[in-house]
Amino acid sequence: MTNYRVESSSGRAARKTRLALMGPAFIAAIGYIDPGNFATNIQAGASFGYQLLWVVVWANLMAMLIQILSAKLGIATGKNLAEQIRDHYPRPVVWFYWVQAEIIAMATDLAEFIGAAIGFKLILGVSLLQGAVLTGIATFLILMLQRRGQKPLEKVIGGLLLFVAAAYIVELIFSQPNLAQLGKGMVIPSLPTSEAVFLAAGVLGATIMPHVIYLHSSLTQHLHGGSRQQRYSATKWDVAIAMTIAGFVNLAMMATAAAAFHFSGHTGVADLDEAYLTLQPLLSHAAATVFGLSLVAAGLSSTVVGTLAGQVVMQGFIRFHIPLWVRRTVTMLPSFIVILMGLDPTRILVMSQVLLSFGIALALVPLLIFTSDSKLMGDLVNSKRVKQTGWVIVVLVVALNIWLLVGTALGL
C-alpha cells in the first residue's frame, strides 16, 4: 500500500512537471495558422474540393518533426538556433543570416498584420486602415504581457489558438462536409492538374515557417524543472498536442472551403474578402462572422509571434536588443504603407509567402546539422532515421518552393 502511494505521488509529480513545461509549442503553432494559411487553404479547397487534404496532413507531420528538432536544440544546448549559427559560422555568413531572417520576419508580419486588419474590416465594417489601427493597438496590449514573463503570453496565445480551432469546429458544423470524401482526401494523394501541384506547393510553403523554427529553440532554451530527458519528453507532448490542433485547423479550413464553395460551383473564390462575402448567402451570417473572428484571432496572435521571432533573431545573430514596442512600431510601418498606397492585400499575402520560401532551407539545414552533432546534443542527438527523414524533408521543401517561385514568376 505504501509503495502504491509513493508510485502514485511520483506519477502525479511527473505529470505536474510535464504540464509546467508545456506551452512553448502553442506559441510556435500559431505560425502554422496565420492569414497566409487561410488564403492558401481556402483557394485549394474552393478549386479542388477535398483532393489536396493529404498535403495538409503530410505538411503537418513534417512541421511536427521540424518543431521537435528546434525545441530539442534549445533544451540540449541552452542556446537557440540563431545563437548556434553565430557561434559556428563565419561573421559575414552570420550577418547574411541575420539580414535574411529579419526580411522574412517582416514579410511574415506584413501578411499577419494585414490579415488581422482584413478580419476587423469584415466583422466591424470599418476601413482597412481603421482595421490596421485596431490591430496595432491589440498587438501592443498582448505584447505587454511579456513583462510578466513567458507563461502569461503562452496562455493568451494558446487561448487564441483554441479559439480558432473552436471557430472551425463551428464552420464544419455549418458547412457539413462529406465525411467519406473528406477521409479519402486525407489519405489518398491526388494532384489532378498542374494548378493543383502549384497549390500543393503553396500549402506546404505556407505551412512550414522559418521564423518559428528560430523562435521555438529560444522558447525552450531556458526551460527549468525536471531532468533534461523529462524536459524533452514534455516538449514532444507539447509539440504533438499544439501541432495536432494547428493541423486540424488547416484541414478544417480546406474542408469548409471545399464543402461551402467547391461543391456549390464557387470554385474561383481566392481571397479573404470574397470568402467572407460568399459564406453569408451560402451558409449564414453567423458562419461568415465566425470566419471573420477566427481571422482576427489568427492574425493578432501570429503577428505577436512574428514580433517575438524578430526579437530572437536580432539578439541571437548580432547580440543587439531593442524594446519590443519599438520593434512592433517599426514592423507595422510596411503594413500601413501597403494600405495607404491602396495595394491589393491578398496579392501582398501571396507575395509574402513567396518571400518566406527563401528562408526555409536556410533555417532547416543548420538545424539538422546542429541537432545531428553528438558533441552539441549529447544523448539528445538525432537518430539515423531522424537524420534521413530530416534531409528528405529539406530536399522536398526546397524543390517544392523552387517550383512555387518559378510558377509565381511565370504567373501560373
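Note that Cβ sites are derived from N, Cα and C of the backbone, with glycine treated the same way.
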Topological domain name match (Swiss-Prot): Ala44 vs Leu410, membrane: yes
For the topological domain 'Cytoplasmic' (298-327), residues assigned helix / strand / coil by DSSP: 25 helix, 0 strand, 5 coil
Contacting positions for the transmembrane segment (351-370) when only residues 6+ beyond its ends and CB under 8 Å are counted: 36, 40, 66, 69-70, 73, 77, 81, 84-85, 88-89, 97, 100-101, 103-104, 107-108, 110-111, 202, 205-206, 208-211, 213-214, 217, 376-377, 382, 387, 390-391, 393-394, 397-398, 401, 404-405, 408
Candidates 20-39, 52-71, 126-145, 156-175; stretch with most C-beta pairs under 8 Å toward the transmembrane segment (328-344): 126-145
The transmembrane segment (388-406) and the transmembrane segment (197-220) contact flag, 3+ Cβ pairs under 8 angstroms: yes
